[in-house]
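Structure first, then comments.
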Amino acid sequence: MNLKNKKAICIMSGGMDSTLGAYMVKEMGYEIVALHFNYAQRTEAKELFCFKKICEALNVSNSYVLDLDFFSKIGASALTDKSIDIPINGLEEGVPITYVPFRNGIFLSIAAALAEKEEAVLIAIGVVQEDSSGYPDCKDSFITSMEQSINLGTKDETKIKIYMPLVHLSKSQIVEHALRLNVPLELTWSCYKDEEAACGVCDSCRLRLNGFRLANAKDPIEYM
């Protein structure tokens, strides 16, 4: 395929996974349209700051920041409801309280609308199934079904592929890939709790730190 002038919508949280995904898309030759969501998450300001810095590093000229504050009205997640404590005692069985109901389904639906507007042929999302916190909307089967639904519910001439390059990687493999591509991991943020220094004890911090440990690499961000 000739990728000249081919656009990809990259859903970017400011985290390590979605940032690596964007760098992989750039390496493939796509023009990146960066998409970030403020969804009333605890670390909203830090994630937005990181997103903007990463866009600068990628030389992205076309970006969107969309506010989805209705997530706080839905609640039911420790990420969007501050009355619910962020778990700090390690990963547990089942779906954790940090799961935001159907977040990725909503993100992908909005990304599809933007893809139609921008005439993009790819949506990139940094979901990780194997080494994640057990979120149901990070499954390969779910993302594949969303791709089918998006193509059924858009114009006939719209053909969108959802790219999920990390879905079957472990966190250590993600770190290794990111280091090979010179991804600026110092600009990324994973912590669920804090915005100054990462807490080091929430599920997301634990997964990130373990990934660096297994990859025999040093995490460049600051921890408490």
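In case you wondered, yes, glycine gets a Cβ from its N, Cα and C as well.
Residues or ranges marked as ATP binding site by Swiss-Prot: M12, S13, G14, G15, M16, D17, S18, T19, L20, G21, A22. Feature annotation from Swiss-Prot assigns Zn(2+) binding site to C191, C199, C202, C205.
Remark: of the binding-site residues M16, A22, C199, C202, C205, the most isolated position is C199 (fewest other Cβ atoms within 10 Å of its Cβ).
Taking M12, M16, S18 as the binding-site residues under consideration, the smallest Cα distance to C191 (Zn(2+) binding site) is found for M16. Calculated from their C-alpha atoms, the gap between M16 (ATP binding site) and C199 (Zn(2+) binding site) amounts to 16 Å. Summarising the environment of M12 (ATP binding site), the number of other Cβ atoms within 10 Å of its Cβ, over all protein chains shown, is 28. The Cβ centroid of C191, C199, C202, C205 marks the Zn(2+) site; residues of that chain outside this set whose Cβ lies within 8 Å of it are I86, I88, S190, Y192, K193, D194, A198, G200, V201, D203, S204, R206, given in sequence order. A 10 Å cutoff on Cβ-Cβ distances gives G14 (ATP binding site) a total of 23 other Cβ atoms nearby, all chains included. Cβ-based neighbour count (10 Å, all protein chains) for S18 (ATP binding site) stands at 24. When the alpha carbons of C202 (Zn(2+) binding site) and M12 (ATP binding site) are compared, the span between them is 21 angstrom. Using the Cβ center of M12, S13, G14, G15, M16, D17, S18, T19, L20, G21, A22 for ATP, the list of other same-chain residues with Cβ within 8 Å runs, in sequence order, I54, G126, T188.
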